[in-house]
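Peer 1: After the structure tokens below, expect a handful of questions from me.
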């Protein structure tokens, strides 16, 4: 069966957090004052767990900071941070943050150091210095060994089998450049000798940390050792036609050891996707225009500097043919007129530019340059290339079709032909906006066409752009971009189509003629105003409101933006029932609906629609009487207990979130299901009276089968019906049932309670809150662990306390594991105490309270007087025969300077271990022969421990 007791502790506690590791660490250093450093080998699995306390249950978030504070690399909302196959870049500081809205968030950090050792690389350099006096060359060779590692690497050099160390050979110097990490790196062979031609080995070591083995590299130095040289077997530049297959060949022409070859493009560009590299040969099949550019071959053999040779690929082709007509530049007139000059220009981009050639036709026949028809070309160096046909004195017979033809000298690509008509109908362009289309009103999401009618012959390309709005805001804004993100858009038919219009596209658009494919005259332009209407944006879009019957409340719907923002209407409904309608005044940007006293029909979905010409925005309020979910309390001390061999019990504790928001909670529905099974057991837990916010509710689950886990679900019930449920999993862990411990760190005091029949109370205290002004010589300056923030229980002896006043603290009730067959079990009751002060006539008493047919209190330990400014530990064996409690009694002495504190209370199965060397026996006064026999065996351990 299950039994219930409700206790009136108010439980809300800010979070605490600590980090534990369960991965493949090679070392975890506990740095006392800063933080922990967790060392792991690259490729192993990192697993860190964040253990939290706090109520309500804190949210956990793992973050990593790499370099700067703003450089948040990753974030994970989970207790366990697990990184498989960790790499060196994932080292750094990891933070676990727990917050539940109370106090400051709790944050702990751990530094993860990833250890690795890469293969070393030996590089060779030589300096050739000429001595002025003697006529010989001194050759000095440097062997440099480098390996990336963490921690810094230690290097050892060997020549053949001989280990080289500084001073072991006068012709060899070993040194480390000051700007690099690590140890010995460079071997300097001065004025090369025959014995220096040998096999060299560099060993790199991180001294086997994390089991990382040493690595080595070899190099054979001979009189043939030389830096690389390479050559390209191809033309530069290489000019090719599109579609051809090209092969770039690079060969090593020198170098020992034999150099390796690699092709690359500048600035990290990739080689073309289709390309194939085989040794020093790069093949590009079906070359395209985009494949043109610079290609480099690099040869390296770790001796001297790499060799590099570069070539350029030019893919032949013609692009972007355009023309324009320029009327007589000497007359201020845009029209073509008989007897005046007119110039036709043609422009094309060519690769390679020097192969570009133009020819002109008139009505299909070749045209040669003459006095009246002057043909000129721009210099071939200039790209794009342009050709001009100047008709000096236009005659009626000159009317016709002129064609300019662009081609490449060596063929291989199609020509580009451009036809230009010169006649009496060749007139400069004019732009107009169709009637009624210069001010367009559209709605968000629609498709709209902006249209400019262009007349004239030939019809030029039209350029669309946005016009900056004048004023301060425009000056601050960047150039307004077109809907496709560009600064301007070309159109051949004069229409700009904008699909799925957004409010950001409102504004002024300019259409203007370009000089291309038309007249080279001052651009014609026209403006179109686009207004995008959008329905009201409102808040809250959706919100839930929990209310008790009979209460008054208000709903508010706020307008954020709308266009147009005038003539706005609102309409409130409950379900389909209309409540009220109205119009917004210019001053208001919200509308309210008041409920004076909520009745059952008043529950449901309230909506408020705010409308303009473009549509409506809706606020939705779900008004419900559902209770909020309960919040399980995870920090119960000794939650598990065990009365019989095969079953266990669990103390389930919770608080109710916002109990006063809705009607009184009448009961909880408790559901319990064994993990791995589908059947739920349900029962109701009735509630008497009103639950307070933060009140800790307790229900004991019994008859749970070892070692099964259970899913528990709690649902609050009010007269409205069921509220929101909460679930948690209960797991059996054998460890917890053997020991009770309490350091008084949370306000629930691990279910310790004050005796109602004493004179005054014990108070929970920490050194950080101690007042030393009045009684500087009493009370501990920290809890027993040395923490100023840690808590302990304390009796204050200053006024109004009188000599002989008592304060009693009661432990929770424990079930003794005695049975009719076995002897009574032994428990060890241990605690730390602090008794200090010159007036301390105080006494600290410990009683065993047994709850059999009658309640009996037996004194099992007692101490009086000043014990010095230190925490001491006491241990005492107890032999309860029934359910029992421990009673801790403080008795006030003769003056105000002398206080008693206790901390870190434990009750453990079995005899007390490690009794101190000078055992003081403490005999309780016999209250009956039965108790007396037990008292003979009591041990009092006083371990003075100066902290």
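Heads up, the Cβ atoms here are built off N, Cα and C, so glycines get one too.
These figures come from a predicted structure and were not determined experimentally.
Pulled the feature table from TrEMBL, pasting it below:
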| type | residues | note |
| --- | --- | --- |
| SIGNAL | 1-19 | signal peptide |
| DOMAIN | 15-113 | domain 'Ig-like' |
| DOMAIN | 120-222 | domain 'Ig-like' |
| DOMAIN | 228-312 | domain 'Ig-like' |
| DOMAIN | 327-423 | domain 'Ig-like' |
| DOMAIN | 429-529 | domain 'Ig-like' |
| DOMAIN | 536-624 | domain 'Ig-like' |
| DOMAIN | 636-736 | domain 'Fibronectin type-III' |
| DOMAIN | 740-914 | domain 'MAM' |
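Walk me through where these features lie, including what they touch and how far apart they are.
Peer 2: Averaged over the domain 'Ig-like' (228-312), the predicted model has a pLDDT of 92.
Secondary structure of the domain 'Ig-like' (536-624) per DSSP, as helix, strand and coil residue counts: 3 helix, 58 strand, 28 coil.
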Peer 1: Using DSSP, how many residues of the domain 'Fibronectin type-III' (636-736) fall into helix, strand and coil, respectively?
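Peer 2: DSSP composition of the domain 'Fibronectin type-III' (636-736): 6 helix, 56 strand, 39 coil.
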Peer 1: So which of 327-423, 429-529, 536-624, 636-736, 740-914 is most in touch with the domain 'Ig-like' (228-312), counting Cβ pairs under 8 Å?
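Peer 2: Stretch with maximum Cβ contacts: 327-423.
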Peer 1: With DSSP as the reference, give the number of residues of the domain 'Ig-like' (228-312) in helix, strand and coil.
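Peer 2: Grouping H, G, I as helix and E, B as strand yields 6 helix, 46 strand, 33 coil.
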